[in-house]
Amino acid sequence: MSGLVSVKVEFSGGLELLFDNQRSHRVSVPSHVSTSGKKTLNNNEGTDAGEGRPADLAHLILWLRDNLLKEREELFVENGTVRPGILVLVNDTDWELEGEGDYQLRDGDDIVFISTLHGG
Amino acid sequence: MPPRLCALCNEARAILKRPKTGQQICKECFFWVFETEVHNTITEAELFKPGDRVAIGASGGKDSTVLAHVMKTLNERYQYGLELFLLSIDEGITGYRDDSLETVKRNQQQYDMPLKILSYNELYGWTMDAIVSQIGKKNNCTFCGVFRRQALDRGAASLHVDHIVTGHNADDIAETVLMNIMRGDIARLGRCTLICTQGEDTIKRSKPFKYAYEKEIVMYAYFKKLDYFSTECIYSPDAYRGHARVFLKDLEAARPSAIIDIIHSGETFEVKEEVKATQKTQQTCKRCGYMSSNELCKACTLLEGLERGMAAAAVTERARKKLDAEGPAPENLRTIPFYQQAHPPTNAAGLPI
């Protein structure tokens, strides 16, 4: 199996400003993440794909922070998830109906982040 | 996971969890309940009468864009008989308001409503850019807030409207309740949850989105693909409000009903008569004719401070005294044009919608 999952990510409501002012991105993230947060010696022995748990939305959020975000991280992530006031949609469905951060990413998923925090 | 069905129609797939009720509903039911709740807010408060001329305060942002769309929809669906206008204030902030006004101009086409834009520069002779270059970023929100309020009323008067509606939502109102508590501003606390306010002789102002959650407004805009503008004002936002906002969002994350609960608390506070009595009686500004609680209205005081190079004058009491000590305002001082309240013909039916 492939070691990457490819998803479309969109930012709006002002969030795009943190991501190089670009609204739409296509990203490929590791399809599995190490089960422990820290690297252990055992990691060196395993193959890089198919190990650990499947990548979920919580993982994608941290991946975006580490790989795509350009500035002011605190406006996107807080306590390991998106900051309160940011809406998330998975394939045009409120992520609250999809298990939020536990939603397992699938190839071709369309993930939208909208900030509600900007002026009305 | 099997797709969850809509709790209302039991047919379509649910796409949204309502923060107010926790219900999981589909797109079409969401549009319907969102619009119907706003309609109920309007009819229960008897906000309008057939024939009313109503200006929608439009900034190009999400709230006012959704408000314009929903007002147009409801006016047609329930035959309110309203004449709707878009009213925008151009504060003169390069890179912020000039861009958002382009959105409003597109809204004018999309919604087929007349648009009036009134600028600070036209009314006061100062843009926010010029004000900030004189006074810096601290306190600039005070100028902007005072100037916008009066500009909206004046713009509305020139359109001969009876009523201004604004996009303030439930989150905004809950935030204001918290801020008034934190500032000890009990007189304002009593007023800030009112859906409709009216000064002595100014135009009515109301908030049809008083009970609409920000999350739903943004979702509505997203699913309807409405065209709105979202960038933070480039001049430092009101820091105190920012704290209230973050606090409220944290509360909402833990318990979504917090927003409506705080509004409810605000509505049911009983403000003592003595506290109400400390509010100064309304009069008319001797310089510009706008309603005021002092001889000079706040906008005239701020403008005088700017013109005389003592911009802090209306912000602190001490600076105001210093301004007065410098002598009376010079004869040739730039002032705001005298305010003439439009008296539109009253409609024959006169019954609320």
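Heads up, the Cβ atoms here are built off N, Cα and C, so glycines get one too.
The following features are taken from TrEMBL:
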- B:54-232: domain 'tRNA(Ile)-lysidine/2-thiocytidine synthase N-terminal' (DOMAIN)
- B:Gly57, B:Ala58, B:Ser59, B:Asp63, B:Ile89, B:Gly167, B:Asp172: ATP binding site (BINDING)
- B:283-312: domain 'Cytoplasmic tRNA 2-thiolation protein 1 C-terminal' (DOMAIN)
Listed binding-site residues (B:Gly57, B:Ala58, B:Ser59, B:Asp63, B:Gly167, B:Asp172) that sit near chain A [CB under 8 A]: B:Ser59, B:Asp63, B:Gly167, B:Asp172
Binding-site residues compared (B:Ala58, B:Gly167) - the one with the fewest other Cβ atoms within 10 Å: B:Gly167
Number of other Cβ atoms within 10 Å of the Cβ of B:Asp63 (ATP binding site) across all protein chains: 27
Pairwise C-alpha maximum, in angstrom, for the residues (B:Gly57, B:Ala58, B:Ser59, B:Asp63, B:Ile89, B:Gly167, B:Asp172) that bind ATP according to the record: 20
Chain-internal residues, separated by at least six, CB under 8 A from B:Asp172 (ATP binding site): B:Asp63, B:Glu214
Residues satisfying Cβ distance under 8 Å from B:Ser59 (ATP binding site), sequence separation of at least 6: B:Ser88, B:Ile89, B:Ser100, B:Val104, B:Gly167, B:Phe229
DSSP-derived helix, strand and coil totals, residue by residue, for the domain 'Cytoplasmic tRNA 2-thiolation protein 1 C-terminal' (B:283-312): 12 helix, 4 strand, 14 coil
Which of B:Gly57, B:Ile89, the listed binding-site residues, has fewest other Cβ atoms within 10 Å: B:Gly57
